[in-house]
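Q: First the structure, then my questions, so here it is.
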Amino acid sequence: MTGTPHDPESAVIAARGPSGSSDPETDEIRDLARSAGYRIAGEITQTRTEDPALCLGSGKVDELARLLERTDAGVVVFDNRLGPYQTYNLGTRLPDGVNIVDRFRLILDIFGQRAQTRTAQLQVELAELRYELPRVEAKVSLAKRDERPGFMGLGEYDESREQDIKNRISRIREELAQIEEEEEKRREQRRESGFDLVALAGYTNAGKSTLLRQLARDLTIDENENQHPDLDATAESEDRLFTTLGTTTRRVDMDRRDVLITDTVGFISELPHWLVESFKSTLDAVYRADLVLLVVDVTEPIEEIREKLITCHDTLYERNEAPIVTVLNKIDCVDEDEWKRKMNALSALAPNPITVSAVEGTGTDGLLDRIDRELPPFEHERLVLPMTDDTMSLVSWIHDNARVNDVTYGEQVIIDFEARPSVVEQSRSKAGTLTIPAE
Ligand SMILES: Nc1nc2c(ncn2[C@@H]2O[C@H](COP(=O)(O)OP(=O)(O)OP(=O)(O)O)[C@@H](O)[C@H]2O)c(=O)[nH]1
Ligand SMILES: [Mg+2]
């Protein structure tokens with residue numbers, strides 16, 4: 001087909017819902033497409049069972065082709081998962097030069113645009129290769145079956161591409177495993193230095209990064225001594241999906257505790273298992289935290305909030321080890337009746353939530369109290385220390401890592417304090433190494 005070249009930044013949305021359902025919602029896929037940088041030129045939707053060859057029905061595909069011609073859009077974004085054969089078949093029915101992007105390809109493109117750190121880039125590449133592998137396998141088998149080398153612009157079809165992908169996947173996995181190990185060591189070091197580790201989780205655009213900045217406002221920003229290349233310096237917020245891809249950690253100095261809060265990538269529904277898996281190194285910040293704050297945008301309709309909460313719980317379910325506190329955010333945008341009504345309706349999924357406005361700072365004191373209560377309780381300890389050359393450095397270590405109630409100095413030093421169990425344990429073992437000087 002000829003005509004003006006199709007505009008590569010202009011996209012038509014296509015969405016198929018299961019037969020018998022109401023017309024598919026396209027708000028989220030539109031947001032995703034806009035986040036990827038597309039202008040939306042139009043949309044077609046259909047409810048029917050999946051057509052194995054085309055996803056949509058044949059007549060609908062003709063309609064889509066006409067819409068693409070009319071709008072000159074260079075891209076069609078499907079809110080469905082397309083198999084490799086469907087993508088190929090659609091390609092033969094749509095105007096030449098139109099790029100076919102499914103929901104996962106789109107999410108991968110967004111991730112690819114945002115990935116700045118080494119870990120994020122490796123994870124995106126891993127996800128892309130895992131997306132591509134079955135497609136290459138399909139091309140190879142199609143090419144063999146049809147004896148049509150050059151199929152779909154693959155060039156000489158070539159099984160070595162398949163092997164290259166597999167090799168690259170295993171090399172990336174090794175590198176990520178090493179990063180995960182280093183990160184785990186870092187978390188242990190931080191715990192040993194007396195920090196509790198809190199992580200922000202939640203659907204994309206819920207307000208996690210905004211909340212992190214609000215909680216850490218006017219307080220020491222964690223400088224990330226021995227700066228790790230994976231840690232971004234800032235936690236940006238924007239009204240678009242997947243603003244944050246890496247992790248940002250900041251220090252929140254609470255009354256009794258030192259807490260590090262980590263902000264990270266948001267969740268989204270229908271992510272295939274392999275995509276979540278590919279981001280494991282980043283999500284470990286959530287899975288291995290001492291407490292998870294699950295941030296929810298309370299301004300959305302209740303059904304949407306419910307679905308998003310279910311997505312978040314599903315994503316957390318298999319690996320998460322920490323207790324979860326739900327934080328209903330953006331209460332500045334809804335009146336009290338509304339958020340109370342939503343809170344009640346959601347009580348089974350989000351028992352006993354905290355309400356905040358991350359933008360205005362409302363409710364953050366209550367949130368900090370709650371964080372304190374949910375983290376492992378402090379233990380009380382009273383140590384009687386011999387007076388040695390090293391005693392004062394232990395006393396000052398305890399001052400740094402615990403809440404000291406009382407210290408008395410005499411021939412011995414008696415120190416009474418409360419601290420995290422691991423700090424108490426360490427102080428005991430340090431005390432055990434203090435040796436009384438020879439007379
Ligand atoms: N009105 C209002 N808007 C908020 C509040 N918190 C966040 N927002 C807005 O919501 C949008 C998303 O906020 P982010 O902090 O980027 O959300 P996020 O959860 O980090 O999003 P991703 O990193 O994309 O997953 C931004 O436009 C924020 O300004 C709030 O309490 N009230
Ligand atoms: Mg963010």
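For all residues, glycine too, the Cβ spot is worked out from N, Cα and C.
Just lifted these from TrEMBL, have a look:
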REGION    1-27  region 'Disordered'
COILED    162-192  coiled coil
DOMAIN    196-379  domain 'Hflx-type G'
BINDING   202-209, 263-266, 329-332  GTP binding site
BINDING   Ser209, Thr244  Mg(2+) binding site
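Map these features onto the structure and tell me what's around them.
A: Only residues 6 or more beyond the boundaries of the region 'Disordered' (1-27), in the same chain, are considered here, and those with a CB under 8 A from a CB of the stretch are 33, 37-50, 55-56, 64, 67-69, 71-80, 95-99, 101.
When Cβ-Cβ distances below 8 Å are used as the criterion, the coiled coil (162-192) is approached by residues 118-119, 122-123, 125-126, 129-130, 132-133, 136-137, 140, 228, 230, 260, 280-281, 284-285, 288, 290, 420, 422, 426 of the same chain, each at least six residues removed from its ends.
A mean pLDDT of 83 is what the model gives for the domain 'Hflx-type G' (196-379).
Cβ neighbour count for Ile331 (GTP binding site): 21 (other Cβ atoms within 10 Å of its Cβ, all protein chains included). DSSP assigns Ile331 (GTP binding site) to a helix in the three-state reduction.
The secondary structure of Ser209 (Mg(2+) binding site), as reduced to three states from DSSP, is helical. If you draw a 10 Å sphere around the CB of Ser209 (Mg(2+) binding site), it holds 23 other CB atoms from the protein chains shown.
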Q: Taking the Cβ of Asn329 (GTP binding site) as reference, which residues of that chain separated by at least 6 in sequence fall under 8 Å from it?
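A: Spatial neighbours, sequence-distant, of Asn329 (GTP binding site): Ala206, Gly207, Thr210, Leu211, Val295, Val296, Asp297, Val298, Val356, Ser357, Ala358.
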Q: Of all the binding-site residues given, Ala206, Val265, which has the fewest Cβ neighbours within 10 Å once its own Cβ is left out?
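A: Least crowded of the binding-site residues Ala206, Val265, by Cβ count within 10 Å, is Val265.
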Q: Validating a neighbour-count step here. Other CB atoms within 10 A of the CB of Asp263 (GTP binding site): how many?
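A: For Asp263 (GTP binding site), the 10 Å Cβ neighbour count is 30.
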Q: Looking at the binding-site residues Gly202, Thr204, Ala206, Lys208, Ser209, Asn329, which have a C-beta within less than 6 Å of some atom in ligand 2?
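A: From Gly202, Thr204, Ala206, Lys208, Ser209, Asn329, counting a Cβ under 6 Å from ligand 2 as near, the near ones are Lys208, Ser209.
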Q: Once the chains shown are all counted, how many other Cβ atoms turn up within 10 Å of the Cβ of Gly202 (GTP binding site)?
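A: Excluding its own Cβ, the number within 10 Å is 28.
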Q: Cα-Cα separation of Asp263 (GTP binding site) and Ser209 (Mg(2+) binding site), in Å?
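A: Approximately 6 Å lies between the Cα of Asp263 (GTP binding site) and that of Ser209 (Mg(2+) binding site).
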